[in-house]
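Report on the following structure.
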């Protein structure tokens, strides 16, 4: 192994936007990393996760034009009565 080719591995403080700080090790020379979210404020870890069903192309088509099979079945039931 060559000597002197590896970067220094220093103790680094990570600061989150929520105010949480923790210490880890990194090769970043300043010894300070600022992040927007961490495990203390990320919705997945806090349990405040909102599931957004944006749907895909099929859902968008069905919303725009309706489900062909569902409307057909509803129309035949009402016509039989």
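Quick reminder: no glycine exception, Cβ is built from N, Cα and C everywhere.
For reference, Swiss-Prot has these:
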BINDING   16, 18, 38, 41  Zn(2+) binding site
Going by a 10 angstroms cut-off between Cβ atoms, which of the binding-site residues 16, 18, 38, 41 has the sparsest surroundings?
18
Listed in sequence order, residues not in 16, 18, 38, 41 with Cβ within 8 Å of the centre of the Zn(2+) site Cβ atoms:
17, 19, 20, 35, 36, 37, 39, 40, 42
